[in-house]
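See below for the structure under consideration.
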Amino acid sequence: MQWLRVPGSDDDKRSMGVLGVITGSERYPGAAVLGVEAAWRTGIGMVRLWAPRRVQDLVLARRPETVCHALDEPADGVDAWLLGSGQDARERDPALRSALLEALAAGAPCVVDAGALDLVPGHAGPAVVTPHGRELERILEQLGAPVEADARMRAAAAAAALDAVVVAKGAATHVVEPSGAATTVEAATHRLATAGTGDVLAGMLGALVAANPDATRESERLASIAALGVALHGQAAAAAAEGDRPIAALDVAEHVPAVIAARLER
Ligand SMILES: NC(=O)C1=CN([C@@H]2O[C@H](COP(=O)(O)OP(=O)(O)OC[C@H]3O[C@@H](n4cnc5c(N)ncnc54)[C@H](OP(=O)(O)O)[C@@H]3O)[C@@H](O)[C@H]2O)[C@@H](O)CC1
Ligand SMILES: Nc1ncnc2c1ncn2[C@@H]1O[C@H](COP(=O)(O)OP(=O)(O)O)[C@@H](O)[C@H]1O
């Protein structure tokens, strides 16, 4: 299955992809836990987290295999970045701002969510941005672009202006390239409408991008990776919610490995 890497005898933790993560904050530490958990569950060689101490501690309690750094430690040695989940741009301190800007300017592919969306215009490498409806409106307002009535057209306007793949989230998620080419993924269950599932999606996308960094240089392939991540996320949620049971965001992450295994068997 394209984009789902399976390690072979020549692989090691670095060749399988290293994801750098700058997510979470004192206010929203859980978003970092959700994204890191989802990244590991999607199949990745290594996850490295740059975050305040409290965020590190909570992530390590859930996933001790994560390599943690203080926000002011040098940010390098990664294949891709996951930025912004669990952060609020209005409360961002200078250490966080400079870590995010450094990651965006480094040229590695970036998945940008929530509290880092306002910094996307500074990106140097390939970028996937993951706004929900209100965040997409805010991006267009910040860019001075008209806010179209149709969600897919809004996503296309943002993708063109930002030169990024836009994943416009909702019950139907539109994955749109800067050219305007779009794929729509209908969620496999509406049980996804619960807090933190977007943080899980961002972690999954980060892992898929870090495992396939060369492919991200072409928008069409980057969008294909993003659309796969959205589909897997929906399928994992449907598996977690089997029988229409209520789910929480971590349940989605926990069902990702089985969904990937089923895809690989096809
Ligand atoms: N456990 C954790 O750590 C969690 C951490 N999280 C982190 O919290 C941070 C803020 O997240 P957030 O954007 O959801 O902010 P929140 O203040 O609720 O709304 C701000 C504005 O947006 C709107 N709005 C919201 N959702 C919308 C939608 N789908 N579609 C359309 N509009 C929507 C809403 O409008 P309203 O619906 O209230 O009119 C309001 O005006 C972010 O960093 C995230 O990663 C969360 O992931 C939860 C779990
Ligand atoms: N009614 C719905 N049906 C299906 N999926 C939904 C629905 N509402 C939201 N989602 C999905 O749930 C996730 C919510 O992400 P987001 O709005 O960023 O929430 P959070 O910030 O709490 O993680 C997205 O993947 C979105 O596509």
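Every residue gets a Cβ built from N, Cα and C, even glycine.
Take the (6S)-NADPHX site that TrEMBL assigns to Ala31, Gly86, His132: the candidate from Asp163, Asp199, Asp214, Asp244 listed for it is Asp199. The record from TrEMBL ties Lys169, Gly170, Ala171, Ala172, Thr173 to AMP, and of the options Gly180, Gly196, Gly198 it ties Gly198 to that site too. Under the three-state DSSP scheme, Ala171 (AMP binding site) falls in the coil class.
If you draw a 10 Å sphere around the CB of His132 ((6S)-NADPHX binding site), it holds 15 other CB atoms from the protein chains shown.
Put simply, of the binding-site residues Ala31, Gly86, His132, Asp199, the one whose Cα is nearest the Cα of Thr173 (AMP binding site) is His132. Distance between Cα atoms for Gly86 ((6S)-NADPHX binding site) and Gly198 (AMP binding site): 10 Å, as a whole number.
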